[in-house]
Amino acid sequence: AMGGNHTQPKFILLGITDTPWAQAPLFGLFLLIYVVTLVGNIGLMVLVWVAPSLHTPMYFFLTHLSLADICYSTVISPKMLTGLLFGNKTISWAGCVTQFHLFALFATAECHLLASMAYDRHVAICHPLSYVTVVSPRACWQLLAWSYLVASLSALIYTGCTFGGSFCGPRRVDHFFCDASAVLRLACSNTRGSEAAILGLAAAHGLGTGAVILLSYGRILRTVLGMRSAPSRARAFHTCAAHLVSVSVFYGTLLFMYLQPASWHGSQDKVASVFYTVVSPMLNPFIYSLRNKEVKAALGKWRRRMLNDA
């Protein structure tokens, strides 16, 4: 099936732009975003780990969301950054397959983690009395395991569909990472079946997890609007709004990318891809935690402890 791969086992990633003067500013911008992504997400994970007050299901899911964010931005950003800095655009066949496979795995897992988090908030706000029994530690681990099991199987299918055909001619991938649509455009075998399979699976994940999120927040909204006290209504509303912003950025751009046929893809894809591969992982820890009293309290406690030790 992999005909012609041995003659030229490399791909060339054309990157975000070929405009020479734009390379340095883009490198600076994306390096900053990547560093903030690592610091924000690792910081949140460490804080949840050291603060007993944050040992709750919500923060359990948040740390795993942070881990997924770290992983899939690391799959993409360093390669993109070296391309911008050194103009080194080649990536080996194995590198290309691995990059896409890991990206597909963590992006799919993230969809299911966001759905788990929405379900967790729904139970917490709409059924507070049964929260402890419904969202038990065991249930949290089961949801996490399910997220990664589904993501692993899906990633295998996506990768098989993307790289299973034969590639001939110039292997110039018009993208900053080995994404399915950009790679499939280079295949010289018929890709219609592969495209249909990728589209179907992406739609099932996107629409399935998206429905869970929308239903959860719909119910939350109804409960919140029925609350008597204005402060608690405002607080719950605030949390939901922040979560929905994060979900909208991630899902909006993902669905824009994967729910259109390969022939429609163009340069606007790169802009859309930047949002879910680069911007979304950076924003998540801030959107989910910084507006949060519990996180602020835990940070304050930790800072006081550090100062006392010093």
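Including glycine, each Cβ sits where the backbone N, Cα and C put it.
These features come from TrEMBL:
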- 40-288: domain 'G-protein coupled receptors family 1 profile' (DOMAIN)
- 26-51: transmembrane segment (TRANSMEM)
- 58-78: transmembrane segment (TRANSMEM)
- 90-109: transmembrane segment (TRANSMEM)
- 143-167: transmembrane segment (TRANSMEM)
- 196-215: transmembrane segment (TRANSMEM)
- 236-259: transmembrane segment (TRANSMEM)
- 271-290: transmembrane segment (TRANSMEM)
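Of the ranges 143-167, 196-215, 271-290, the one with the most Cβ pairs under 8 Å to the transmembrane segment (26-51) is 271-290. The average pLDDT the prediction assigns to the domain 'G-protein coupled receptors family 1 profile' (40-288) is 88. Among the recorded stretches 90-109, 143-167, 271-290, the one sharing the largest number of Cβ pairs closer than 8 Å with the transmembrane segment (58-78) is 271-290. Residues 1-5, 60-61, 64, 96-97, 100-102, 104-106, 108-109, 112-113, 116, 119, 180, 183-184, 186-191, 193-195, 197-198, 201-202, 205 of the same chain, all 6+ positions outside the transmembrane segment (143-167), place their C-beta atoms under 8 angstroms from a C-beta of that stretch.
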